[in-house]
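Enquirer: What follows is a structure written as structure tokens; I'll ask about it next.
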């Protein structure tokens, strides 16, 4: 009705006419171009060797998570990436593991050599070439070799994994040598052989358990033969660790005595 030029609407009458009910509708914004707070996962980011955003999520991991994964890698069993890494491997843990191993090998080997020289009443010298050797050997095996392995599998048509998975498996597999390096301070030759190749057996079995299923998934059956190269190179790595870093100052019988190279 109208009063003095104004229209007055009786709300109660309108509600009663519509069955005593109100219908509320919520309208959400339809702008899909608004930025999101969450960082995208690697598959959502275009790959480019110069795209830092692609590598960012591989290093976004907590220290406790890395330590847990290093410990779980010492228990060789399949499905490491799926079960222990929630399907997404990181690269910070492998790089941290390899770098820590380099420092541990250098410090323990230098300490063994210094004690031996002190007992022989000779002047103890620093051995910086040993550090460069440790960097070259460990980084090549932990970073270069898995990259080459991934390239070979890519060339042979294996599409079940990426280079990050290869680097992650090799990096975490070397974590077992960190406590072994500390135990090798005990100057007993045969004990060092047992420790080094015991660690090689454990970490090698870890690699086989996680790499062979990837190789077996390829249509080319010859791809499975790459596991032989993985085992052989891993054994060679263990021998290099023993010869280069733990051949000084042994007590008791040594089944394979080797003169120290540094």
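A Cβ is built for glycine as well, from the same backbone N, Cα and C atoms used for every other residue.
Keep in mind that TrEMBL annotations are predicted by a computer and have not been checked by a curator.
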Enquirer: From 151-168, 169-186, 187-204, which range did TrEMBL mark with transmembrane segment?
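Expert: Matching range for transmembrane segment: 169-186.
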Enquirer: Among 73-94, 95-116, indicate the range for which TrEMBL gives the feature transmembrane segment.
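Expert: Result: 95-116 is the stretch TrEMBL calls transmembrane segment.
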Enquirer: If I count Cβ-Cβ pairs under 8 A between the transmembrane segment (224-245) and each of 95-116, 128-149, 169-186, which range comes out on top?
Expert: 128-149
